[in-house]
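Annotated features, as they stand in TrEMBL:
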- 45-449: domain 'Amino acid transporter transmembrane' (DOMAIN)
- 47-66: transmembrane segment (TRANSMEM)
- 72-97: transmembrane segment (TRANSMEM)
- 122-143: transmembrane segment (TRANSMEM)
- 170-191: transmembrane segment (TRANSMEM)
- 203-224: transmembrane segment (TRANSMEM)
- 244-263: transmembrane segment (TRANSMEM)
- 284-303: transmembrane segment (TRANSMEM)
- 332-349: transmembrane segment (TRANSMEM)
- 369-389: transmembrane segment (TRANSMEM)
- 395-417: transmembrane segment (TRANSMEM)
- 429-448: transmembrane segment (TRANSMEM)
Amino acid sequence: MTIGNIAPKKERKSRKNKSIVDEKAPLLPKRQDDVGAEFDEFNGASFTGAVFNLSTTIVGAGIMALPATMKVLGLGLGIVMIIFMAFLTEASIELILRFSRAGKSSSYGGLMGDAFGKYGKIMLQICVMINNIGVLIVYMIIIGDVLSGTSSSGVHHAGVLEGWFGDQWWNGRAVVLSVTTVCIFAPLACFKRIDSLKFTSALSVALAVVFLVITVGIAIIKLISGGVMMPRLIPDVTDLTSLLNLFTVVPVLVTAYICHYNVHSIDNELEDSTQIKGVVRTSLALCSSVYIMTSFFGFLLFGDATLDDVLANYDTNLGIPYSSLLNDAVRVSYAAHLMLVFPIVFYPLRLNLDGLLFPTSRPLVLDNLRFALVSIGLIAVIFLGANFIPSIWDAFQFTGATAAVCLGFIFPAAITLKDRHNIATKKDKILAVFMIVLAVFSNLVAIYSDAYALIKRNTSPRE
């Protein structure tokens with residue numbers, strides 16, 4: 001993968017030579033020069049911290065739905081699509097960074113404003129809000145599934161707490177999510193600078209690796225003992241409906257790689273901003289490897305019984321020693337991972353909502369009351385969504401087919417075709433057209449397929 005020949009401006013080479021970027025600058029640069037004082041003691045983020053933060057942005061809940069995409073696509077085509085989406089994501093980020101350098105934009109919102117004016121920035125803000133609220137709802141749904149159990153597939157899968165203590169009022173979904181929100185999400189959402197989250201990001205990546213290592217270990221043991229069947233390598237297409245169903249995985253794959261809204265935030269805080277291309281390369285390589293291994297071994301373990309949220313599969317006897325202990329370790333480690341990922345995704349969401357509602361107010365970082373009210377309001381909306389949306393697949397389908405595809409492909413492609421600074425090559429414009437056609441076509445088909453399946457499912461009992 002290559003991030004292209006991004007020619008960084010000399011004054012951006014080191015943070016010490018950068019103009020100070022205010023708290024809103026990552027997505028909503030405005031007249032907020034007085035924020036500089038907040039960062040006088042901050043000498044810049046490290047390469048490692050930036051990689052952890054960007055990797056944490058990418059590897060969130062998407063990883064849990066990827067084994068289910070293998071059930072639709074087959075193992076061979078599924079892995080090819082994961083790799084393809086990684087390259088396409090890198091290409092779109094390269095376009096964003098190159099045009100940001102040319103237009104001297106320090107944010108995705110600023111870049112959209114530079115290309116399309118005020119309404120371009122507003123569209124970006126709305127899409128970040130829809131995408132991030134959807135993703136955070138998915139996080140809460142998974143945490144609820146893991147700790148309290150789920151019946152979204154029609155069969156009840158017990159949660160960890162239910163397995164340990166039985167069915168109690170205090171380990172019900174609403175109570176568990178309430179405690180998690182108040183004791184974990186709310187405190188982590190209080191940080192005002194994204195680099196402050198580098199240690200929780202590092203821990204979250206470590207927990208994801210723990211989940212992956214245990215899953216791989218279980219799969220290898222069962223493979224050696226002959227306890228798993230050969231998985232399907234290609235999709236099972238028998239009619240038009242099954243063909244259209246293949247496109248339903250596209251929004252999930254798109255959502256799994258969306259990190260564009262945090263790239264500028266991380267770049268702005270880097271001590272040496274020329275390192276951003278290395279940060280993106282390293283993060284995408286790391287996350288792609290995790291995605292491939294999780295998808296391969298998760299589908300190998302459960303085959304066509306793989307659920308939309310693969311964590312819910314870890315409530316049965318795996319047929320190996322210490323099965324119950326390993327099941328709990330897998331689920332608890334990833335639930336903890338998602339708890340630590342939450343503030344990384346919440347950070348740009350809060351900035352965008354504040355910029356949309358209070359575009360002329362003083363910086364959010366300087367107004368503690370507004371900071372608290374916006375944070376509480378958003379957390380309340382996410383909490384309610386997690387309690388009323390039954391499945392992560394439903395949430396992924398909506399956010400992936402709408403906001404995520406705009407953030408990841410349509411907006412970067414549109415900026416390239418607009419080419420306000422006359423720096424786009426013929427290759428760039430061909431790639432931009434390809435991104436738009438692929439995004440629009442595949443997501444329209446995915447929406448149609450989902451709607452058709454929903455109507456068919458609702459009418460079939462009456463036939």
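Every residue gets a Cβ built from N, Cα and C, even glycine.
Predicted automatically and left uncurated, TrEMBL annotations should be read as such.
Here the structure is a predicted model, which means the values were calculated and not measured.
The list of residues near the transmembrane segment (369-389) in space but at least 6 beyond its ends in sequence, with Cβ under 8 angstroms from a Cβ of it, reads 133, 136-137, 139-141, 144, 173-174, 177-178, 181, 185-186, 189-190, 192, 346, 349-350, 353-354, 357-358, 361, 395. Beyond the transmembrane segment (284-303), the same-chain residues lying 6 or more positions past its ends with a Cβ under 8 Å from any Cβ of the stretch are 1, 51, 55, 58-59, 62-63, 66-67, 69-71, 75, 78-79, 82-83, 86, 89-90, 208-209, 211-212, 215-216, 218-219, 222-223, 228-229, 231-232, 256-257, 310, 313, 318. For the transmembrane segment (170-191), the neighbouring stretch richest in Cβ pairs under 8 Å, chosen from 203-224, 244-263, 332-349, is 332-349. Segment contact is absent for the transmembrane segment (122-143) and the transmembrane segment (429-448), given fewer than three CB pairs below 8 angstroms at sequence separation of 6 or more. Looking at 47-66, 72-97, 244-263, 332-349, 429-448, the range that has the most CB pairs within less than 8 A of the transmembrane segment (203-224) turns out to be 332-349. With a cut-off of 8 Å between Cβ atoms, the residues of this chain six or more beyond the transmembrane segment (72-97) that come close are 1-4, 6, 66, 108, 111, 231-236, 245-246, 248-249, 253-254, 256-257, 259-260, 263, 267, 276-277, 280-281, 284, 287-288, 291-292, 295-296, 299-300, 408-409, 412-413, 415-416, 428, 431-432, 435. Remote same-chain partners of the transmembrane segment (332-349), defined as residues 6 or more beyond its termini with a Cβ less than 8 Å from a stretch Cβ, comprise 26-27, 53, 56-57, 59-61, 64, 128-129, 132-133, 135-136, 139, 142-143, 146-147, 160, 180, 184-185, 188-189, 191, 194, 197, 200-201, 203-204, 207-208, 210-211, 214, 261-262, 265, 311, 375, 378-379.
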